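Single-structure report; data block below.
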Amino acid sequence: MPPKRSRRMSSLDEVIRMNAEETSYFVKHPDLLFHAAILSRNPAMDLKREMIMPNSNSDDIPEVRYKLYRPHDHKFNKTQKYQTCSISELGPRISSIESMAIQADMVKCPDITEPFIMWNMLMRFLNDEIYTSIGDILICVNPFKNIKGLYDNERIIAVKEQPDLQDLSESPHVYNMANAAINGLTYKNKTQSIIISGESGAGKTEQTKKCLHFYSHSSSVPLPYSKPRSATIPDSDSISSRILSANPILEAFGNAKTVRNNNSSRFGKWMKIRFRRVSSEEIVMVGCHTDHYLLEKARLVSHSANERTFHIFYQLLSGGLETDLLNKFQLDDKSANYFYYLSFGDSEVDNIDDEAELNTTLAAFETLGFEPEEIEALLASLAGVLFLGNVDFVETDSDGTMAMDSSTPDLNSCASLLGVNPDRLDRAVTTKERTVRTETIISPLSKEQSTSFRDALAKAIYGAIFDWVMMKVNESMKVPVKNTMVPFIGILDIFGFEIFEENCFEQLCINYCNEKLQKHFVEQIIKKEEAMYKEEQVTYTSSEIVDNSDVLELIEDRRIGILPMLDEECKVNKGSDKGFLSKVTKAHKNNNRFKAGAPFKEAEFMIDHYAGRVKYETTGWMERNKDELPAHLEAMMAKSQNSFLKGLFAVKLEAKEKLEKTKLPGHKHALVSESGEFIKQLNSLADALESSQPHFIRCIKPNSHKEASLIEPELVVEQLRYSGVLEAVKIRKQGYPFRPKHNDFIQRYWSLVPNFEKTVGDFNSVDDDERCITLVTLL
């Protein structure tokens with residue numbers, strides 16, 4: 001039996017083999033995780049002399065010499081000096097120098113290892129090529145900066161007019177994706193969906209805006225029923241100008257600064273863009289309707305340090321309002337730090353000019369047809385909400401509370417702006433009213449309860465304002481009735497997956513939504529692909545991506561799902577957050593995706609999501625899920641002297657009273673909860689996505705500091721793994737990596753079939769799909 005070779009000798013032989021000729025490998029790299037490198041060509045004796053450190057022992061691993069390879073920097077490739085690394089620092093081998101060419105479509109990469117895919121994408125990113133494709137899937141790495149010329153209108157024209165620029169695999173760009181959707185709608189007459197996903201701060205909202213910019217500049221018609229409202233806005237009667245103007249309004253009222261993102265969407269939106277057919281090859285945009293999901297109202301009354309509440313409040317205090325309005329709103333000498341709801345976060349944010357943003361918001365109001373009286377009443381109500389947050393309480397001798405004397409000026413300002421009596425407001429937030437038969441019983445509240453009532457009123461007012469703003473935005477782009485039943489293009493811009501230091505009820509809902517979208521992506525891109533390969537007997541290796549169905553069951557199962565169990569606990573007379581968590585822990589004690597108890601705190605549990613483990617803190621979950629405003633507070637606002645607010649709350653109160661009249665004696669209406677409504681909304685959204693032709697944009701966040709040209713490789717590769725990007729590349733590469741368009745296939749091969757045009761029949765009346773099938777059959 002031959003003697004065992006030492007580790008040193010084995011490694012040395014490997015080094016000699018690798019260096020016998022020039023070879024390429026990935027080597028570990030501090031900035032990119034792995035970097036393509038060309039190993040040096042050296043004689044074996046030189047290797048023995050130069051590669052082994054003088055003081056090495058028999059267990060040392062020899063080193064190899066290499067030069068880094070940069071595809072866009074040939075001067076660097078020629079002039080750089082050799083570096084050294086051990087064999088243990090080498091990654092996968094690169095098949096050839098030629099294969100190191102950077103590809104716009106990662107399916108065309110000859111090597112589909114994780115380091116190669118990531119390196120290919122990041123090399124493009126560092127060259128300001130932020131888009132890469134995986135066939136018809138678009139990957140976008142957030143540059144955290146403006147790139148000159150990337151979104152010029154000239155590019156829109158070029159995409160529309162030059163077929164070679166329309167190919168996503170050759171020229172990946174969000175405009176190409178938007179164009180692919182409009183082509184699908186035009187020629188297949190099927191609803192299209194553009195699904196933009198990624199973690200918080202990955203750039204989803206920006207990509208949504210670019211899609212809207214594309215449609216607004218390439219396909220829209222004037223609105224015949226409206227006229228310009230101002231000489232400074234001459235095109236306010238165009239649906240394109242209204243769609244573009246809607247965005248700053250929605251961002252002002254629905255976005256905020258978080259730790260991860262300076263302009264984070266704190267609500268989700270599903271925008272349905274409607275078109276009218278002009279001819280068989282042309283459609284024009286005629287309107288848009290936006291459905292919104294789960295506004296994070298809790299952010300109004302509480303948010304973490306280094307964060308902000310909604311942008312509109314900082315715009316209001318930026319100094320951009322006219323002096324008479326500031327005086328009318330009693331804000332003339334007030335800054336953000338004066339108000340409690342704004343005081344425990346950042347008042348200013350880099351790259352956000354609140355005064356300039358206010359001017360943009362006000363101009364957008366005008367473009368969309370908001371009346372001046374409505375705008376003034378809206379802003380006055382927002383100011384009233386800020387003053388309401390400043391009302392603090394002190395306990396009284398009668399086991400109750402009242403507004404502190406120091407809060408009286410703010411209480412009076414709040415009452416004036418909200419249109420209610422100051423004493424009535426004080427009583428409303430410091431007492432509880434309940435009706436027993438025909439008698440109204442008034443009970444005092446503790447300081448903590450009064451604070452809760454105050455915050456509930458503030459959230460209810462802001463929620464009503466947000467719903468009204470959404471209604472007005474939709475009305476301004478109302479779709480003609482005859483166009484409401486035809487297919488549309490839907491753009492989904494929804495909150496990204498979130499993991500904060502403290503994750504509450506809202507984070508569970510947000511992450512649940514992302515689990516839904518992840519499942520849809522896996523089914524559409526990977527599972528359907530594998531099913532097609534099986535049907536057509538294509539040899540492939542099954543995907544390793546983890547099925548997240550069990551996580552969805554954990555959260556939404558009607559019997560023991562976390563959110564349905566929270567609803568059930570809300571129905572119990574003495575239900576509590578503690579009781580809810582106890583029941584959930586008992587139901588899922590054997591679930592590998594769920595963990596509670598030690599080492600977690602008493603009110604905490606953990607879920608193993610597709611994107612990572614998240615710890616949730618359940619304090620206050622029942623209150624947030626019920627999202628109820630005490631009836632006496634609602635009645636007070638419905639009688640407000642502020643006609644704007646009175647209208648908002650009177651409608652809600654009227655709807656509630658109508659529902660009460662339909663109740664059977666001795667029965668209660670089903671609980672209308674935040675989580676219950678959200679589950680219904682997501683299921684409806686899932687059905688809409690399932691019935692559409694999907695177009696996926698996966699956004700990647702390159703670093704956690706929101707800095708331009710900075711890469712944190714571990715963060716990037718983690719996103720590529722859990723989002724399914726790596727598996728998508730592999731599965732496409734194994735099966736059908738090249739997917740020509742039907743028309744291109746016909747133009748190239750139809751001449752091989754004699755009299756093909758006659759065989760098809762009326763050549764121009766048959767669509768490309770049918771002609772392709774016929775052509776393949778005859779070939």
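In case you wondered, yes, glycine gets a Cβ from its N, Cα and C as well.
According to TrEMBL, the protein has these features:
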type    : residues                                                       : note
DOMAIN  : 101-779                                                        : domain 'Myosin motor'
BINDING : GLY198, GLU199, SER200, GLY201, ALA202, GLY203, LYS204, THR205 : ATP binding site
REGION  : 682-704                                                        : region 'Actin-binding'
Per-state residue totals over the region 'Actin-binding' (682-704) - DSSP helix, strand, coil: 9 helix, 8 strand, 6 coil
Cβ within 8 Å of the mean position of the Cβ atoms of GLY198, GLU199, SER200, GLY201, ALA202, GLY203, LYS204, THR205: remaining residues of the chain near ATP: ASN142, ASN261, GLY496, CYS699, LYS701
Binding-site residues (GLY198, GLU199, SER200, GLY201, LYS204), the one with most neighbouring Cβ atoms at 10 Å: LYS204
Number of Cβ atoms other than its own within 10 Å, given for GLY203 (ATP binding site): 24
Cβ neighbours of THR205 (ATP binding site) where a neighbour is any other Cβ within 10 Å: 24
Around the Cβ of ALA202 (ATP binding site), the count of other Cβ atoms that are within 10 Å: 25
